[in-house]
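Notes to accompany the following structure.
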Amino acid sequence: MDAGMNTSTHLKAQARCPLQEHFLPRKSSKENLDRFIPNRSAMDFDYAHYALTEGRNGKDQATAAVSSPSREAYRKQLAETMNLNHTRILAFRNKPQAPVELLPTDHSASLHQQPRSVKPRRYIPQTSERTLDAPDIVDDFYLNLLDWGSANVLAIALGHTVYLWDASSGSTSELVTIDEEKGPVTSINWAPDGRHVAVGLNNSEVQLWDSASNRQLRTLKGGHQSRVGSMAWNNHILTTGGMDGQIVNNDVRIRSHVVETYRGHTQEVCGLKWSGSGQQLASGGNDNVVHIWDRSVASSNSTTQYLHRLEEHTSAVKALAWCPFQANLLATGGGGGDRTIKFWNTHTGACLNSVDTGSQVCSLLWSKNERELLSSHGFTQNQLTLWKYPSMVKMAELTGHTSRVLYMAQSPDGCTVATAAGDETLRFWNVFGVPETAKKAAPKAAHEPFSHVNRIR
């Protein structure tokens, strides 16, 4: 930073300016010269003048005349006696110095001897490592029925029932079965603590459950007029998106849980994602619009004031993913009429890139360990595509599902991805590989969203 430059740094910059030669110190007037000038004491100016003028003419005449061997020997002896046997006009007394090495010999040699190590290409399995049945899963593009919690437990909604699958032990348990008049389940989302889970219903209600005790903690009512198809946690705030086009921030610690309402979508909100900092919220809707909401803007102005309104998609936007390694970078995917993945700078609202995938984009996931993006698709191939960012070169295409891959969830370590499709199967893919520091890094403690309260009403 220019304003932060101290006095010593400024003096150093003045003392050594760029594009200035750096001379070596001289030991004497005749040694260690930085350039080589003819030494006048070793020159005979009279002979030099003769050689440049008369000497050449005499040499030409002597060559033309017929001379005997004895005459040639006499000429050479006379020239040696008279000190006329000069081979060059300019004479240098000092030998030129060896060039100065800018780098030490051993260092420069090591740079050439040690080639840059090339990271080996990661093996990506082309088939799923495990397949589980998922009967009665709702084949609806606008819902979100799969989530993987920080405690390594996968939650999936099949019809009116929510099941929990423990990835560590492989055991399955039933969390809750919703009544017919309230269901089916339309969305599901784990809290950051990995213990509490939110269940959105078709009748506009949201239930909060404790997975450890299989006990319902409370029901959130009054925020929406129709089904809740998308949810996202931000610490103790549960954000819900409904078919009524409204986005509601619910503070689960207090009785009057509705603290903010964002109005901007004209149709169902089918995608919600908070940024890693918790400051910005991205929402996608069936109105083909993506909104960026900022908490500071919403709290100081009207709650309907969005930061950016992005209208470049031509179909419903459900797939949203914040980049984990670059701030303010959001990836969005469009439905069957759009088929593109777009990248946005949410600070400026500019579209950075757009890639035509050729099929409906149902979900997006960033790798936690590499600069890679995974997308799930619908008709015609129902595939998973792994992209290298930012070149967006296809690294792999994984097939196996026979219907559109509607839901994706990532394991806490970032290695495994679970996918659920309309073919009523749940598949697990080792697509992101094992991180090199997975065994060395200590697991981060998940933030407890309910740590400040004794109970939830």
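Just so it is clear, glycine is given a Cβ too, placed from its N, Cα and C backbone atoms.
As recorded in TrEMBL, the features of this protein are as follows:
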- 132-429: domain 'CDC20/Fizzy WD40' (DOMAIN)
- 178-219: repeat 'WD' (REPEAT)
- 262-303: repeat 'WD' (REPEAT)
- 310-354: repeat 'WD' (REPEAT)
- 398-431: repeat 'WD' (REPEAT)
- Please work out the mean pLDDT for the residues of the repeat 'WD' (310-354). 97
- Message: For the repeat 'WD' (398-431), how many residues does DSSP put in helix, in strand and in coil?
- Response: 0 helix, 17 strand, 17 coil
- Who are the long-range neighbours of the repeat 'WD' (398-431) in its own chain, taking Cβ under 8 Å and residues 6 or more past its ends? 124-137, 139-141, 143-152, 154, 156, 167, 194, 360, 362-365, 367-369, 374, 376-379, 381-386, 438
- Query: Residues sitting near the repeat 'WD' (262-303): Cβ under 8 Å, six or more positions beyond its termini, same chain?
  - Reply: 141-144, 229-235, 239-249, 309-311, 313-322, 324, 327-328, 330, 332, 334, 338, 344, 346, 349
- Message: DSSP on the repeat 'WD' (310-354): how many residues come out helix, how many strand, how many coil?
- Response: 0 helix, 24 strand, 21 coil
